[in-house]
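To keep things clear, I will list the structure first and then write my remarks on it.
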Amino acid sequence: MLFLEGLMQYGFLQKALITSVTVGIVSGVIGSFIILRGMSLMGDAISHAVLPGVAISYMMGMNFFIGAATFGIAAALGIGFVNQKSRIKNDTAIGIVFSAFFALGIILISFAKSSTDLYHILFGNVLAVRSSDMWMTIIIAILVISLVAIFYKEFLVSSFDPVMAEAYGLNVRFLHYFLMLLLTLVTVSALQTVGIILVVAMLITPAATAYLLTNKLSKMIMLASTFGAVSAIIGLYFSYIFNLASGAAMVLVATIIFFIAFLFAPKQGLLFSKKKEVIE
């Protein structure tokens, strides 16, 4: 009841709800492809790699989106370059590049005049989101979802069978980096909602939950977006009522939903599997 009253009275709570739900939906869309491609670590890497861009943006007094997006894309390109030009495997390249970028970000933070806003970027504070940030998040979400819809078939084929995709004449490498660009945009849009530390959880957990419930990509995307939005709403509710960290509350709700699916999913759930073993 207090939450509903707050929504009616406070503009900051309305902006927080809209921003959180938007992030939950678009994270579910991109997260589904990240899960299918086995690129969860890449999502973690890009979410950490944007930190120096955020720090530089604050030091120069410009919108953090510009710096964060630039460094996120640079990290994706750097990981691909190291992987292709050496014997280093992809997971090792990811570890090297994202650690270097994150370390650079920490050093740059120490030079920043104020660490308050940067703290919010690290851990999220959606209750302090501004109107400009809310609209930026909405625009990014619309752009990303529209591009995914346009390139849906290409992403579908290249995610399940890259060799077949190349046989069909698709540029698999271009699709990979294009998806990394979309991942970077989603990561940047989620910074003030759940923060750099927890953004990977909102990308992966709702999508992983949906993966347990269906084998169809379109249905998986719909379920992941729904779980992301529900996690955002419930997490924001507990954050507002009990004065909890908003990002952490959303991630915990998403994790609880995942474990419910992990136990009770009709075909993939742990209890269903045990029951099937007993019957056999």
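Here the Cβ of each residue, glycine as well, is placed from N, Cα and C on the backbone.
Here is what Swiss-Prot records for this protein:
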type	residues	note
TRANSMEM	16-36	transmembrane segment
TRANSMEM	41-61	transmembrane segment
TRANSMEM	62-82	transmembrane segment
TRANSMEM	92-112	transmembrane segment
TRANSMEM	137-157	transmembrane segment
TRANSMEM	168-188	transmembrane segment
TRANSMEM	193-213	transmembrane segment
TRANSMEM	221-241	transmembrane segment
TRANSMEM	244-264	transmembrane segment
- prompt: Looking at the transmembrane segment (137-157) and the transmembrane segment (92-112), are there 3+ C-beta pairs under 8 A, with each pair at least 6 apart in sequence?
  reply: no
Task: Check the transmembrane segment (221-241) against each of 16-36, 62-82, 168-188 and return whichever range has the most CB pairs under 8 Å.
output: 16-36
Query: Are there 3 or more C-beta pairs under 8 Å linking the transmembrane segment (168-188) with the transmembrane segment (62-82), counting only pairs at least 6 apart in sequence?
result: yes
